[in-house]
Amino acid sequence: MAAIFSLFLFFILFIVSLLIILSFIVRPRSVTIPIKFRHVFITGGSSGIGLALAHRAVSEGAKVSILARSTEKLAEAKRSIQLATGVEVATFSADVRDYDAVSKAIDESGPIDVLIVNQGVFIGKELEKQSPEEVKFMIDVNLTGSFNVIKAALPAMKAREGRGPASISLVSSQAGQAGIYGYTAYSASKFGLQGLAQALQQEVISDGIHVTLLFPPDTDTPGFEQELKKRPELTSIIAASSGSMKTNEVAKICFDGIKAGKFTVTCHFIGFLLSIASTGMSPQGSFWLALTEVMFGGLIRLASLVFQWQWYKTIEKWSQRNKKEVNSKLA
């Protein structure tokens, strides 16, 4: 009995010691990002998650600007927000691939306190079937476009004085945490945001700017409906292991994470497991979450291997079935 008590006491002391150490070393510290009376600028804000985030920001008293390519969709988004809240938002039409156009829109909108880089495009195909133009399109919009938006906004965001902590958020995807069949180019464009966010946080933390990386799962947006029709069958089978969520649910979780100044924001348990499995050198502002990563990282790696085993078994069965169907047609 004494041995069991000693082991238990050692475990408790170990956890307490680890918590004390982590409370000193986790960086950057989490802060609360104020929203009321502040300027929130959202790219890809005319539909889907971006529009839902705009609704939330307006409802919490922010001055909101949204940017997208389509003037028609921007007008619809502006009307929907005004009907729901009675507040008028500013709209800007620009292609994020065009740095000059983005820079002009951001300059016209005024100094930004909370920047949400949300634009994204997806063309689901195996790489062999994807054209170089399609690959370039996704990389240019999802990754290069994010660089353009942030670079254009940074000078004024850094020049802010006495306005409290600021935020730059990038909307990635669970495909930016784990590569998925049929998402070759898309995953590459979203994985790139991880490196962008990690390095950017180091560059802007001394200016009081906190970076947040958002990892939504499949979300029932208009774009997702089109994606389901076009993406490979095997992609849908594998992606189903994570499940999907409603747009407003995702927007609430993401917006709460932005306000809490978190670096990594996930939307459900599978996403949380993926965040720990892929955390690498990501900053962690919460010593409680840091403790979870340290204590359970190995077990979560085991869980990720189980997922990989399931995915590869699925690919193997699907491939064998397809070969049989092809052979039967040729016979």
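Note: Cβ is positioned from N, Cα and C throughout, glycine not excepted.
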With reference to Swiss-Prot, specify whether Arg231 and Ile315 are located on the same side of the membrane. yes
Examine the ranges 74-94, 263-283 and name the one recorded by Swiss-Prot as transmembrane segment. 263-283
What DSSP gives for Gly44 (NADPH binding site), in three states, is coil
Expressed in angstrom and rounded to a whole number, the NADPH site built from Gly44, Ser46, Ser47, Gly48, Arg69, Lys73, Asp95 spans a maximum Cα-Cα distance of 17
Around Gly44 (NADPH binding site), how many other C-beta atoms are within 10 angstroms of its C-beta? 26
Cα of Tyr186 (active site, proton acceptor) to Cα of Ser172 (active site, proton donor), in Å and rounded, measures 10
What is the separation, in Å, between the Cα atoms of Ser172 (active site, proton donor) and Gly44 (NADPH binding site)? 13
Reduced DSSP assignment, Asp95 (NADPH binding site): coil
The rounded CA-CA distance in Å from Arg69 (NADPH binding site) to Lys190 (NADP(+) binding site) is 20
